[in-house]
Amino acid sequence: MSNNTDLSPVHVIGGGLAGSEAAWQIAQAGVPVVLHEMRPVRGTDAHKTEQLAELVCSNSFRSDDAETNAVGVLHAEMRLAGSLIMACADAHQVPAGGALAVDREGFSQAVTARLEAHPLITIEREEITGLPPTEWGTTIIATGPLTAPSLAEAIAAETDADALAFFDAIAPIIHFDSINMDVCWFQSRYDKVGPGGTGKDYINCPMDKEQYEAFVAALIEGDKTDFKEWEGTPYFDGCLPIEVMAERGPETLRHGPMKPMGLTNAHNPTVKPYAVVQLRQDNALGTLYNMVGFQTKLKYGSQTGIFKMIPGLENAEFARLGGLHRNTYLNSPVLLDNVLRLKSRQTLRFAGQVTGCEGYVESSAIGLLAGRFTAAEKLSQAAVPPPPTTAFGALLGHITGGHIVTDDEPGKRSFQPMNVNFGLFPPVDVPKPEGKRLRGKEKTIAKKRALSARALADCRNWLSLY
């Protein structure tokens with residue numbers, strides 16, 4: 001690390017996981033940083049301490065398996081990149097099977113101590129109530145899902161009122177190769193061809209009356225997750241949980257998101273479905289499909305059981321389960337460029353959950369990328385995005401443009417927060433052992449190993465550029 005104290009400092013707003021990682025990466029590159037954190041001057045209903053990188057929910061960083069799990073691959077890539085968050089997590093690990101879980105207090109204290117001790121990092125405990133003044137120059141905003149209202153309003157004013165969401169309306173997402181296409185079929189309602197469409201843009205899962213009634217009953221009876229007190233989220237009709245719609249009456253769903261009109265079962269064209277669940281392509285690769293209109297507050301265990309009642313989804317593998325909770329995140333594919341800068345004001349860069357990633361590790365990873373991109377620019381170097389074959393690149397690609405924009409639902413947003421998963425990675429050829437044809441679980445594991453190996457090799461090559 002060489003010190004470039006003659007450089008003007010980079011300002012980082014937000015001392016959570018992403019902001020802490022971004023500040024560390026910048027300082028490690030020899031560029032001075034001012035890290036602004038509003039706690040303890042102003043607290044939140046979720047945070048309990050004034051430590052940086054406080055974990056407000058679980059203490060788990062999820063799977064540490066870098067061979068067959070996408071988040072484990074992201075762990076490995078972050079370690080290769082000298083991540084502060086991963087170093088402190090490893091140092092404060094607690095037993096958790098194959099997962100990386102941490103002593104939450106020891107972890108956040110360690111992050112805070114490392115940042116406070118760094119000679120190029122200055123920590124300012126103050127609330128930033130608006131967008132940074134132009135004299136600050138390069139600034140990273142990493143204020144997370146609980147961004148203070150005044151700053152959120154300033155961001156909304158700069159970007160456009162519709163560009164900042166305050167609720168996650170998350171529907172489950174399913175791996176395409178786990179959908180039974182002997183039961184389901186491709187068709188858009190009334191064979192409508194939209195922009196970039198073919199008239200066969202949805203996967204349709206048919207139900208007869210008996211299946212529909214059993215499904216509605218299961219939704220009503222399923223275990224629900226209550227809103228956390230600090231979320232204070234009212235229901236609104238444009239984003240009602242699927243189980244709340246079911247409670248409004250037995251016919252509500254089949255006249256709403258499960259309406260069968262305009263659809264003909266390609267496998268049995270003479271029989272009209274009583275109800276239909278539609279799945280819409282979720283990423284440009286076509287490896288992931290989301291359940292249209294199925295935002296939910298059902299507990300995860302209930303979701304998997306109930307949604308596998310849907311014909312064609314009996315063996316569904318979920319890349320993400322549904323949810324509805326308070327959040328603050330940008331419509332990043334529209335607003336940010338491929339190195340996380342605001343297109344309309346390129347001295348501003350965003351990082352962490354405010355960009356539309358989901359999870360501790362993902363937020364930290366985007367903070368790491370934002371820090372590296374910023375440091376490169378300050379040192380008059382090129383900010384080179386990671387390849388899409390890496391976990392870094394797959395996640396960045398989702399945030400900055402890997403989702404599908406649709407015009408068939410006026411007023412609704414197609415971009416939703418996402419955890420890293422193999423469905424975001426470009427496909428890979430799976431090597432076949434001589435004389436052996438891989439099937440089932442064996443084939444799935446081989447595919448994941450191939451994706452992981454390619455990701456780590458490509459990540460090493462990318463890091464060699466810096």
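Heads up, the Cβ atoms here are built off N, Cα and C, so glycines get one too.
These features come from Swiss-Prot:
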BINDING   Gly14, Gly15, Gly16, Leu17, Ala18, Gly19  FAD binding site
Least surrounded, by Cβ count within 10 Å, of the binding-site residues Leu17, Ala18 is Leu17
Under 8 Å Cβ to Cβ from Gly15 (FAD binding site), same chain, six or more residues apart: give me those in sequence order, or none if nothing qualifies.
-> Ala23, Leu35, His36, Glu37, Arg39, Leu52, Ala53, Leu115, Ile123
Mind giving me a neighbour count for Gly19 (FAD binding site)? Other Cβ atoms within 10 Å of its Cβ, every protein chain shown.
-> 31
Give me the non-local Cβ neighbours of Gly14 (FAD binding site): same chain, 6+ apart in sequence, Cβ-Cβ under 8 Å, ordered along the sequence.
-> His36, Glu37, Ile141, Ala142, Thr143, Gly144, Gly352
Neighbouring C-beta atoms (10 Å sphere around the C-beta of Gly16 (FAD binding site)) = 30
Note on FAD: the CB centroid of Gly14, Gly15, Gly16, Leu17, Ala18, Gly19 has further same-chain residues inside 8 Å, namely Val12, Ser20, Glu21, Ala22, Glu37, Leu52, Ala53, Ala142, Thr143, Gly144, Ala351, Gly352, Ser363, Gly367
